[in-house]
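Q: Taken from Swiss-Prot, the feature S-adenosyl-L-methionine binding site covers Y39, G64, C65, S66, D89, N90, D117, L118, N132, R199.
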Amino acid sequence: MQSSKDAIYSQPQQVSDFRFDDTVAEVFPDMIQRSVPGYNTIVDAIGQLAGRYATNNSNIYDLGCSLGAVSLAAAKYVVADNCSIIAVDNSEAMAQRCARHVKAYKANTPIEVICDDLQNIHIENASSVVMNFTLQFIDPTQRDQIIQSIYDGLAPGGIFILSEKLRHASEQGNELLIDLHHEFKRRNGYSELEISQKRESIENILRAETFEAHQTRLQNAGFDDVVLWFQCFNFASIVAIKS
């Protein structure tokens, strides 16, 4: 996935709320690589997990698919027969580019790209459902119902993979993780202005929760095992298993 370099916040500007529009979609691969520690590791491992748990004739859902990195990783590892991958994003700019990437990749496992709100998608016969840094952008009052519908749509033995930016339970710990993340971004070429303006643009729409809050929600939905399998600074990925 080739893209332009992310310079969206390189000049002083009147900062508005972050949106997944054409401007962001154009630079998204560069932005995500330079902003999320361990992103490639997370995506590849999600693909492995989807392949490991895929069963014949099942569905794999990538909710908030952006440009399709997770869907393509899953397609790479799935060997079960007659599986389908459903990639969903409510950003037309993202979904259009995702469809182009999928077409160019020519995966053996079919990938259907849908531009819609993930809450309009009926999850059924799923061996895996993935939300890779997606739930954090959804109204917290709607999150319980979303997770419950995912649990209900998973087949027994299926998994839900949830990657999120976390908020630490203590203010001191939270500030430490934020500082480490900002240093990560500096080392990846972002200026102080870019870091500050990006933080201002996203603070009203990315509402992070603690790991404990996610764990409680997943357990309340019915998941028997909740495993924190990856964390770097305040970025983490969780796999929840349905018996």
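Our numbering is plain: 1 for the first residue shown, then up by one each step along the chain.
Positions of Cβ are set from backbone N, Cα and C atoms, glycine also.
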Q: Other than its own, how many Cβ atoms are within 10 Å of the Cβ belonging to N132 (S-adenosyl-L-methionine binding site)?
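A: If we count other Cβ atoms within 10 Å of N132 (S-adenosyl-L-methionine binding site), we arrive at 25.
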Q: Among all chains shown, work out which of the binding-site residues D89, D117 has the most CB atoms within 10 A of its CB.
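A: Going through D89, D117 one by one, the largest Cβ count within 10 Å is at D89.
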Q: Using a 10 Å cut-off on CB atoms, tell me which of the binding-site residues Y39, C65 is the least crowded.
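A: Among the binding-site residues Y39, C65, the lowest count of other Cβ atoms within 10 Å belongs to Y39.
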